[in-house]
Each structure stands twice: as C-alpha cells, then as structure tokens.
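Engineer: Before we start, here is the structure in question, set down as structure tokens.
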Amino acid sequence: MGILGLSKLIADLAPLAIRESEIKNFFGRKVAIDASMCLYQFLIAVRSEGAQLAAVNGDPTSHLMGMFYRTIRLLDNGIKPVYVFDGAPPDMKSGELAKRAERRDEAEKALKAATEAGDEAQIEKFNRRLVRVTKEHSREAKELLKLMGVPYVDAPCEAEAQCAALVKAGKVYATATEDMDALTFGSCKLLRYLTYSEARKMPVKEFSYDKVLQGLELTSKEFIDLCILMGCDYCESIRGVGPKRAIELIKSYRDIETILENIDTNKYAVPENWNYKRARELFIEPDVTDASTIDLKWTDPDEDGLVQFLCGDRQFNEERVRNGAKKLLKSKQAQTQVRLDSFFKTLPSSPNAIAAAKRKAEESKKSANSKKAKIGGGSGAGRGRRPK
C-alpha cells in the first residue's frame, strides 16, 4: 500500500523535492530496486493477447521476460541495478495482509461471475487483480539475475527498508519502487517509474528526502508520524484524518502523542488499542541486514547458461537471448566512465527558491483547474494506478 496520498502532498507542499528526468540522466548510478514490486508489474503488464506468457507446462514466464529485458535496458543506459527481495513481513503488517486476502476473495467471486457472463473485459480486469508474486517467481528471478551477472539482496523483512539502508550507507544512489514508504524508511532518494516500459513514455520521478523535509518543514521523526497519520501498512489511521488534516495536526502538535491529547475524538475516531508507537519503531529501526556487510558485484553474463535457462521449455527465442547477453556484456564493459557531478558538491536549495517553487506549483494547479472547468473535465481521462 505504501503511504496514502504522500506523493500528491509532496507535489503540493514541497515541489522542489521532485524532479522529472529521462532514464539516461542516471548514467553511472547504482540503484536498489524493489524486486517484488517489479515482478508484480511484469506479471501484470507483460502479456500476449491478454494472457500471461507461459512455459510449456503452463507456468508463467512474464516475470522473467520483464526482468530480462528491463534489466538490459537499465544497464544499456549506464545504470547498475541491484534487486532487493522481500523477506518475512513484520507481524504489524498482518492487518494489511488480511485486507489484501479479503480483496482477493472478492476478486475471485467477481471473476467467477464475469466468466459465467462471458464478459471478456471484466475477466481480464479481475484476473489482473488476482496476480501475486510467489516464492517460485522470486526464486526464478534470482536464478536469472545470477546468470545475468546482476547482484541481488535477500532482505530479512521489508525490501524498501533494506533499499533505504543501502542508500543511507552510500552503497547505492537511490531506491527504485512505487511505494512511497521508502522515504519513510529514510531513503535519501526515491525513484518512481524507473522500471516502467519505454512504450509508456513516463519520465522518472526523483524524490529527494532532505528536500521533502525542508519543503514540509518537518523533522525526520515528525515526517514518520505524518506518514502513520496518513495511512501506512503497519496500523490503522484515524478515521476522518486525510493528508491535508494530517499535515495540519503534525505542524500544530509535532507528534502523535500530543495530537491524541488535543484531538476531538467525537469528530475523529481514533482506532482502539492503536499501536502507532510500534509502527513508528518499525520505520525508525527496521529489520535490515547491515549494509556495510553487503558486497555488491556486477559480473559478466553467462550466455550459455541464459540460453539453457530461458529457452527450451520456457520458450524464449534463442537468438534474442544471445543478443541480450551480448548487450549485457557490452554494457558492463562500457561502464567505466565517471559521472561529472561526482566531482562536485551539490548546494542545498535556498528558502527563496523553495517559496518560488511552491508559488509556481499553486499557479499551475489553479491553471489546470481553470482549464478543466472550461473543457468539462472528463472522468475517463488519465486512467492509471493512483499514486500512494
């Protein structure tokens, strides 16, 4: 789930914290990628005639196709990816996992009804909702990455937390995920849309943690409390408190304890036995492997091993796999250049620049609303996954 409404809140109140870039602008960067998020995207998006790609025995191969070609694209653009896989979820996430199980049950019932009605659009819709990443998908992805010469890390718990630890330790430049809670875990940089297909033409969105805090005028601890109020994976939120009210409360009272002492409980329903303190602890001190003990190495691809793994029963085209392996080797050999900005120190933004960016964001928002009013808006426009 991530943090509900956080990306929009940052765009509205801390616009300088977001920068849009082309993928090529991350040349020379090492990036920790949320592997489970990627595999889910590939299982959903990589399809043929509406169905997942599959091996001879019917097992899906969409995740392998996506992982192979998107990783080649990253390396081709000079990016050195390291994939981080989820471990066991924390106990505090059991409530969120139970909700997801309920939604899957509902989707299964809806799929059955759509199948009986012969509604192809609804069948595809609910089939996608039932997609989930299994241990076998992850195992196969790790085997593929090993053959490609790309490192991966098994997180003891949450992948986003482990990615953030790698960033904070200077092992990588950024965390790449669609879940905004990478910022709550303290990742200095967060990249969204990095692993999206080229055809979607989505610029990469880069969030800067320091500029988020600066723009929202919060400390790191206050930011964590804000995220808990907005809605996270580890506990319920206060009913009636959305992003706007959450930031108002944090700025007024600075922490959840003081908010609870002053909030009108008749107006805002505080969850019974609300375990926000444990959620806070999970963000401040998550269960991660010490980044200093992790050695990241990118090695030459095993071309014959890739052919053996992907072709045959998995039905990949051998010529394309061999061409992909050659691209991997060429990219590795080319990655000896150094980014120019590694020689220079980046200066922090001035308060005047931040204020100017906020004014510009407000003007853009007003202009967009004005245009919507003139042309009538259209509820079908801009469909897609809602940012978290």
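Just so you know, glycine gets a Cβ as well, placed from its N, Cα and C.
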Engineer: For the feature region 'Interaction with PCNA' as recorded in Swiss-Prot, pick the matching range from 291-299, 336-344.
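Structural biologist: Among 291-299, 336-344, the range Swiss-Prot annotates as region 'Interaction with PCNA' is 336-344.
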Engineer: Given that Swiss-Prot annotates ASP179, ASP181 as binding Mg(2+) 2, state which candidate in ASP105, ASP233, ASP255 belongs to that site as well.
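Structural biologist: Among the candidates, Swiss-Prot records only ASP233 at this Mg(2+) 2 site.
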Engineer: Which one, ASP86, ASP91, ASP210, ASP225, is listed by Swiss-Prot in the same Mg(2+) 1 site as ASP34, GLU158, GLU160?
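Structural biologist: The record-listed residue among the candidates is ASP86.
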Engineer: Going by Cα-Cα distance, which of the binding-site residues (ARG70, ASP179, ASP181, ASP233) sits nearest to ASP34 (Mg(2+) 1 binding site)?
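Structural biologist: Closest by Cα: ASP179.
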Engineer: Give the three-state DSSP assignment (helix, strand or coil) for ARG70 (DNA binding site).
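Structural biologist: Helix, per DSSP.
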Engineer: List the same-chain residues at least 6 positions away in sequence whose Cβ sits under 8 Å from the Cβ of ASP181 (Mg(2+) 2 binding site), in sequence order, or say none.
Structural biologist: GLY2, ILE3, GLU160, CYS227, CYS232, ASP233, PHE283
Engineer: Taking only the binding-site residues ARG70, ASP179, GLY231, which one has a CA atom nearest to the CA atom of ASP86 (Mg(2+) 1 binding site)?
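Structural biologist: Result: the closest of the binding-site residues to ASP86 (Mg(2+) 1 binding site) is ASP179.
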Engineer: To the nearest whole angstrom, state the Cα distance for the pair ARG70 (DNA binding site) and ASP179 (Mg(2+) 2 binding site).
Structural biologist: 19
Engineer: ARG70 (DNA binding site) has how many other Cβ neighbours within 10 Å of its own Cβ?
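Structural biologist: There are 21 of them.
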